[in-house]
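S.K.: Handing you a structure now.
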């Protein structure tokens, strides 16, 4: 009970609530109070101050908002003073006003001082009711007896400068309006935007005729003349620009736009035809094949490209008296002739029996494998046409020396009249079925070569 009685007695001795009521009755709506929770939190008082001009708002060129944060120990403790939203005042003037109000608060410590602080701020604004700074349009300071105007957002301009700015902005807005009408003929009309303040972009309320009637400012027109330091900096920047341009550091917008531009007016230059190799006549020289393996490989690559994939098979010859003799020498590879287009769709070739050698395809090799030059003496190229029985068997074919190279064999067509049927087979008989994977035709995207075996080896 004693504690509550002391608290009640302290609230009665606190003068802040009664002083705030007096201030609200004097300044009415100009004063805003944020009350705390009794004496446990400070109160805040906001008021916007203007010069005393007998309610002539057009003559009020400066203003600011005074914020007083009253502590719980007021009036025995000085309130915290801050100035917000100053208009027409320089930083130096704002600092001087803050110091003057602090001196007033310290002088009235222990008594009610809020009213004195507010009136001191108004007095300072009345004494400094001249906008400080420069016209943001012409960047010249304000002089006495000059015609200048104040916007509702408390920004200041010379009347002549503001009139020229308004005329320019009106022409710009009209041009933008015509462009919008052409682009959006069927779109909903947008709300027109008037001339805005060049500082804060607030809408301006103006009388263009009265602004144009104001006298022009008597400021001297100073011509710009660069000094030696400015000229030196210009030369340095010029050299830097040229250096960046030489190294590709400057982006040319026009060149970038036409970077991927393709002109259809000029026809493209005709391409030079590549040297075609006559495969049918065997134009590659045997001497080059024997002496320069690298050239032979390049020629074989060109032949492999020009031939169809299905016809790029290799033929392996084993010289000897018969198929039962061991293989002699190195394997010689040659490219078989392609199928002619006049024979229609391709069919699986029948197995033919050769005398004196066998023709097999290398398993596991690609169609475009590289031709390997023989290490030993070159062998005679294989002739797929078997010898006639009328001539009689004269033993195995004789190998020719390196100097007896006769060139590649003449190209032959697959004429069935030159092939003989096996002696132990009749026209009605069929060949025995081979095991899976040995010469059987398998339809697929890649055509497997057919292996040819001798008569005794079948």
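Cβ coordinates come from backbone N, Cα and C, glycine included.
Remember, predicted model here, so these are calculated numbers, not experimental data.
Quick paste from Swiss-Prot:
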BINDING   135, 138, 161  Zn(2+) 1 binding site
BINDING   153, 155, 197, 200  Zn(2+) 2 binding site
COMPBIAS  282-299  compositional bias 'Polar residues'
COMPBIAS  362-372  compositional bias 'Polar residues'
COMPBIAS  377-388  compositional bias 'Basic and acidic residues'
COMPBIAS  412-423  compositional bias 'Basic and acidic residues'
COMPBIAS  432-443  compositional bias 'Low complexity'
DOMAIN    18-128  domain 'RWD'
REGION    267-299  region 'Disordered'
REGION    317-458  region 'Disordered'
ZN_FING   135-201  zinc finger
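Provide an account of the burial state, proximal residues and distances for the features listed.
M.R.: Long-range Cβ neighbours of residue 135 (Zn(2+) 1 binding site) (same chain, at least 6 residues apart, Cβ-Cβ under 8 Å): 141, 142, 148, 156, 157, 158, 161.
Cβ neighbours within 10 Å of residue 153 (Zn(2+) 2 binding site), excluding its own Cβ and spanning all shown chains: 14.
With DSSP classes pooled into helix, strand and coil, the tally for the domain 'RWD' (18-128) is 47 helix, 27 strand, 37 coil.
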S.K.: List nothing but the one residue from 138, 197, 200 whose Cβ has the fewest other Cβ atoms within 10 Å; the candidates are the binding-site residues.
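M.R.: Selected from the binding-site residues 138, 197, 200 on minimum Cβ neighbours within 10 Å: 200.
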S.K.: How long is the line from the C-alpha of residue 155 (Zn(2+) 2 binding site) to the C-alpha of residue 138 (Zn(2+) 1 binding site), rounded to the nearest angstrom?
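M.R.: Between the alpha carbons of residue 155 (Zn(2+) 2 binding site) and residue 138 (Zn(2+) 1 binding site) there are 14 Å.
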S.K.: What is the nearest of the binding-site residues 153, 197, 200 to residue 138 (Zn(2+) 1 binding site), using the Cα of each?
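M.R.: Sorting the binding-site residues by distance from residue 138 (Zn(2+) 1 binding site), the top entry is 197.
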